[in-house]
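Asker: The structure's right below; bear with me while I get my questions together.
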Amino acid sequence: MAASKPVEPQSGSGLPRWQLALLVGTPIVLGVGAVYLWNRSRGKEKQGKRNGERKTPEGSASPVQGQHEMHSFKNIKYPLDRAQSAKNKGNKYFKAGKYEQAIQCYTEAISLCPKEQKGDLSTFYQNRAAAYEQQYHIQNLKWTEVIQDCSQAVELNPCYVKALFRRAKALEKLGNKKECLEDVTAVCILEVFQNQQSMLLADKVLKQLGKEKAKEKYKNREPLMPSPQFIKSYFSSFTDDIISQPLQKGEKKDEDKDKEGEASEVFENVSCYLKAKQYMEEENYDKIISECTKEIESGGRYTAKALLLRATFYLLIGNATAAQPDLDRVINMDDASVKLRANALIKRGSMYMQQQQPQLSTQDFNMAAEIDPRNADVYHHRGQLKILLDQVEEAVGDFDECIKLRPDSALAQAQKCFALYRQAYTGNNPSQVQKAMDGFEDVIRRFPKCAEGYALYAQALTDQQQFGKADEMYDKCIELEPDNATTYVHKGLLQLQWKQDLEMGLELISKAIEIDNKCDFAYETMGTIEVQRGNLDMAIDMFNKAINLAKSEMEMAHLYSLCDAAYAQTEVAKKYGLKPPTL
């Protein structure tokens with residue numbers, strides 16, 4: 001698919017990527033093109049209490065599961081007995097749904113409890129907060145009371161999970177996402193990421209914050225041309241893209257006329273679109289949009305091609321808003337060739353997928369297949385779309401159609417193998433996994449110059465924990481494409497998983513940034529590693545660099561989520577001294 005970065009599948013297992021950035025672990029592959037995530041292998045544990053609703057109210061404070069403040073009978077004073085009695089009475093009212101009476105009892109317990117009995121007092125505040133929470137439908141102001149009482153409970157008992165989580169929920173209801181995120185991050189760390197409720201709330205808030213920040217940032221961002229390597233890689237994914245083909249004989253400046261002293265006149269008469277094409281060959285990409293604009297405004301003979309080329313570069317610099325009108329116009333031009341219209345549909349469909357509009361994306365790819373059924377690019381890119389939508393069988397069918405039309409398409413052959421492998425791996429079918437692995441061997445044998453074949457095979461080998469051979473495959477990629485920064489990132493991640501060689505992993509990822517200082521994937525990965533090392537300020541800096549390089553609003557939202565997760569950790573560490581394990 002003509003997308004700058006693969007989109008995560010709409011379904012599937014695994015942890016949210018913000019959470020994976022907090023944990024020590026190993027990179028795994030998700031989706032086409034190797035979206036690397038961090039996971040941690042944990043033993044199977046009983047899920048009852050972790051995944052279920054936290055029971056309220058409580059009999060005593062429980063800052064962390066398994067810890068309880070103990071009181072010897074000889075030290076319990078009469079006022080505490082009376083306070084406990086009032087609390088127990090409140091619990092009965094709570095269970096009967098009589099929340100106002102429960103609140104009165106908890107208030108009495110708070111007033112009677114000796115101030116030095118911090119554990120009991122924090123429980124009474126937390127229980128009253130639980131009763132206030134049940135009254136949210138009566139008046140929204142009760143959320144404020146919930147926050148106030150939970151804050152009292154946390155002040156008395158800083159690691160009180162129930163109070164932190166209840167306050168997080170109330171803050172989220174009032175729209176205080178930043179404070180909510182800090183509380184729920186503390187809860188996730190205290191619970192070692194084992195409770196689905198807190199993880200889901202964190203994921204929800206991070207996505208909301210990410211979308212809000214990305215929408216504002218993306219709207220006002222300065223256009224940024226990606227690296228030449230990225231642009232060449234993008235165009236190499238097309239075989240029937242007219243605008244990416246080299247200038248044909250007769251399109252270039254005529255050298256014979258130049259010898260006759262007509263050089264300046266000839267240059268002036270050259271179409272602005274052909275100038276733009278010449279700039280493409282020279283990798284002078286910054287001038288292409290302006291030359292295409294001149295061609296379009298003059299109504300030149302290459303207007304349709306200029307529109308498509310300009311739209312393509314708008315997409316490359318991350319300006320989908322400017323790209324869409326040009327793509328729409330090409331798609332609806334009666335005098336535009338079928339090839340141009342199909343290519344415009346592929347690119348618009350890819351844009352829609354980046355914007356998380358899979359229905360519109362599917363419509364465009366299907367329309368492209370209808371108007372140009374012999375176009376291999378349609379099936380190749382639609383196959384990638386189907387993988388992202390977890391429609392693997394349909395993806396394989398599209399890759400087969402692409403291969404039938406273009407038997408020499410090494411990329412389609414490799415991606416078909418990856419689709420078959422992923423289907424077998426997620427379906428836990430060992431015989432089919434082996435068949436897919438044999439398919440990779442056949443692809444690299446028949447297409448030894450296809451770097452993507454080695455890269456995809458390396459991902460599958462990593463899944464199978466055949467780390468040595470995966471490393472060899474990445475070395476072949478680097479040999480074929482020494483300027484491909486992404487391969488260095490993948491090889492670096494492999495060193496971390498295979499040998500736990502942090503120094504080598506960081507060295508390879510640093511090499512990726514040296515090769516391409518616009519590789520957002522490298523900065524994102526470096527940021528993730530720095531989080532795991534406990535270097536949160538460095539991680540935030542890396543994420544911010546990646547944000548400035550993001551090629552779509554969706555990518556930017558994801559990166560903001562990672563950055564906000566890291567920032568929340570810094571605040572939690574300051575407030576409560578809580579940190580996840582580090583490398």
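Glycine is treated like the rest: Cβ placed from N, Cα and C.
Take a look at what TrEMBL says about it:
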TRANSMEM  20-39  transmembrane segment
COMPBIAS  43-57  compositional bias 'Basic and acidic residues'
REGION    43-68  region 'Disordered'
REPEAT    83-116  repeat 'TPR'
REPEAT    342-375  repeat 'TPR'
REPEAT    376-409  repeat 'TPR'
REPEAT    451-484  repeat 'TPR'
REPEAT    520-553  repeat 'TPR'
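Could you give the neighbours, burial and distances for every feature on this list?
Answerer: Per DSSP, the repeat 'TPR' (83-116) is made up of 27 helix, 0 strand, 7 coil.
Outside the repeat 'TPR' (342-375) by six or more residues, the chain places 1-4, 7, 10, 238, 240-243, 308, 311-312, 315, 320, 323-324, 327-328, 330-331, 381-382, 385, 388-389, 405, 552-555 with a CB less than 8 A from a CB of the stretch.
Averaged across the repeat 'TPR' (376-409), pLDDT for the predicted model comes to 94.
Taking Cβ pairs closer than 8 Å, the repeat 'TPR' (451-484) reaches residues 27-29, 34, 229, 233, 410-411, 413-415, 417-418, 421, 425, 433, 436-437, 440-441, 443-444, 490-491, 494, 497-499, 515-516 in its own chain, all 6 or more past its ends.
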